[in-house]
Amino acid sequence: MVVILIIDNYDSFTHNLYQLAGEILRDEGMDEEIMVLRNDEARISDLRALDPEKIIISPGPGNPSRRSDFGVCMDVIGEFTDRPLLGVCLGHQGIFHAFGGRVDQGEPVHGKIVEVFHDGSELFRDVPNPFRATRYHSLVCRPEDTPADIEVTAVTSDEIIMAIKHREYPVYGLQFHPESAGTPSGRTVIRNFLRM
């Protein structure tokens, strides 16, 4: 049985997420299988049959509003709200968009390290506040258009949304890259997700 499914949005960072998750599982003594599928390799019915316990939607190029960029991921967000689901970068933007938020062009950042301020919620347990995180993105989730079902859980000093969670479901998003070497606390964030 696949316990953790990573959906790859054709991004090189997906391998880093896979490697980080695998290291954490080994360190925690968890014998869980991780499967990686590209966003156009499976239909939602195939994923239902896999019945993963946790899902990570990877970073990637493009816009979550375009199926050509986001593949099956929007369907996954709609279908699997009953289990822990984490979106990273494009995955985060897709979650925000799926629940009615506006995702727009922002200032492009590539490898920029910033301080992130968080609310101490479950993903940020044992994470310093603030902490340093690496950003690679050109789209941003607009704070003024945050859906009622979504809670902002982390921001930069200039109020750019860095993390969200659904108010009812175990659905989370991270704009920053926890798998980056420039995000020292990223391992703790991913560990907190995998422990859910």
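Quick reminder: no glycine exception, Cβ is built from N, Cα and C everywhere.
Here the structure is a predicted model, which means the values were calculated and not measured.
What Swiss-Prot records for the L-glutamine site is Gly60, Pro61, Gly62, Ser138, Leu139, and among Gln93, Gln175 the residue it adds there is Gln93. Maximum C-alpha to C-alpha distance over the listed L-glutamine-binding residues Gly60, Pro61, Gly62, Gln93, Ser138, Leu139 is 11 Å. For Ser138 (L-glutamine binding site), the nearest neighbour among the active-site residues Cys89, His177, Glu179, judged by Cα separation, is Cys89. Spacing of Pro61 (L-glutamine binding site) relative to Cys89 (active site, nucleophile) is 9 Å (Cα to Cα, whole number).
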